Amino acid sequence: MPRTLESQITVEKTPSYFVTKEAPRRIYNMSRDTKLIVVVRNPVTRAISDYTQTLSKNPTIPSFQDLAFKNISTGLIDTSWSAVRIGIYAKHLDNWLQYFPLSKFLFVSGERLVSDPAGEMGRVQDFLGLKRVVTDKHFYFNQTKGFPCLKKPEGSSKPRCLGKSKGRPHPKIEGQVVQRLQEFYRPFNMKFYQMTGQDFGWD
């Protein structure tokens, strides 16, 4: 990490930190004062989105349901598949809570980040002890992508939107596959809600 002055905040983002077993210990050893922001979304949607991204790079991979299930007839979910495993948020948070108290975390709703980006960014700014500078006047909704974008900064020619890999249409997944995954995640989601004191409304 770069050296940071008293009046500065250094932010670094790596999605894999939350699910990497060694990350909490390493970050704690670097600085136990680190504040942690975790963006989470419905784990079923997250798994489908993960699959969509992989499919765009490798169109020959097996179907979503072939990867998600160990046995489709019994409905046994394959938790060794990373797209499924990542969404078991309670398990990952357990690992982090061995090193950091809950007060060091802010959990941002991925769904609300899309529906109310200014509201979620307000929470982020409060958590970091910053003045609320980013407000709803900084966002507009991009209909093509289905995501909010940052309006162009002064002196810049274009607005800041998520890259090409974001906002892709998801493949059609059978209703019973989605339902089985929802059932699988439900107890983990409930535990996560309890642990964080936040109901993300995924059920």
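Quick reminder: no glycine exception, Cβ is built from N, Cα and C everywhere.
Copied from TrEMBL, the annotated features are:
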| type | residues | note |
| --- | --- | --- |
| BINDING | Arg41, Ser49, Lys166, Gly167, Arg168, Pro169, His170 | 3'-phosphoadenylyl sulfate binding site |
| DISULFID | Cys149-Cys161 | disulfide bond |
| DOMAIN | 30-186 | domain 'Sulfotransferase' |
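Recorded features from TrEMBL, shown on the structure.
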residue : record                                  : Cβ contacts under 8 Å, 6 or more apart
Arg41   : 3'-phosphoadenylyl sulfate binding site : Ser109, Gly110, Glu111
Ser49   : 3'-phosphoadenylyl sulfate binding site : His170
Cys161  : disulfide bond                          : Asn142, Lys145, Phe147, Cys149, Leu150
Pro169  : 3'-phosphoadenylyl sulfate binding site : Thr52
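Between the listed recorded positions, namely Cys149, His170, the fewest other CB atoms within 10 angstroms of a CB are found at His170.
Averaged over the domain 'Sulfotransferase' (30-186), the predicted model reaches a pLDDT of 90.
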